[in-house]
């Protein structure tokens, strides 16, 4: 049996590979069509102009769905491992809520491009990476609380390292973006897709774009730490049929009908 056939480990692996591919494919398309500069453009800039905008949007929407599924499985796993620990259960619910908010932000990024609706796009980015960073923090705390009974200390330190990488990228991107868009280097920089290395503000631009790519991949890297955990979990769906037909029947008849249970693996 291959590693991705064990449990649900294919889910976080698919999330990371698919999301990374959405960034890379849109980047390659934008470069080949000369829509952006080859040297580290903003990720959002590579999904601004058709046709890469269409590819970027549909792939990120699928990533959001994979993210929601991955976070839900993680939620169910933590709950199953700690059914009587109220502190962990409450924190786990908070983590799921934050995670799904982050996925919703990813949908906003995918469907509201930076060039057309900048402020809505920024809200989506804040939800995705800002709230997403808090989700990572919650999961890191859960990993700390569950050691060493549930898993070793190594996974906690790995997740903490990735979290610090993500936070440092956020700080770097925020500071460089504030400097870049402060007005010192001109206006309408939001719609600027091509930069000359001799231009004022180019250094701040490069720091900001590199930080954004670093932030994106640090966020994705966090889900790689789920693969080993997900190898030890599977979910089953139980469907309950209240009757043998789909026609409306009187309540008295429904009560007499036999309930059919059909179970299948997801």
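A Cβ is built for glycine as well, from the same backbone N, Cα and C atoms used for every other residue.
The annotation domain 'CWH43-like N-terminal' is assigned in TrEMBL to 8-233. If you look up TrEMBL, you'll see 12-35, 55-73, 94-112, 118-145, 157-182, 202-227 marked as transmembrane segment.
Residues 8, 11-12, 14-15, 18-19, 21-22, 25-26, 29, 46-47, 95-96, 99-100, 102-104, 106-107, 109-111, 135, 223, 226, 230, 233, 235 of the same chain sit 6 or more residues outside the transmembrane segment (55-73) yet have a Cβ under 8 Å from a Cβ within it.
Taking Cβ pairs closer than 8 Å, the transmembrane segment (12-35) reaches residues 4, 41, 43, 45-49, 51-53, 55-56, 59-60, 62-63, 66-67, 70, 193, 213, 216-217, 220-221, 223-224, 226-227, 230 in its own chain, all 6 or more past its ends.
Within its own chain, the transmembrane segment (94-112) has Cβ neighbours under 8 Å at 44, 47, 56-61, 63-65, 67-68, 71-72, 74-75, 78, 120-121, 123-129, 131-132, 134-135, 138-139, 142, counting only residues six or more beyond its boundaries. Within the model, the domain 'CWH43-like N-terminal' (8-233) shows a mean pLDDT value of 91, rounded to a whole number.
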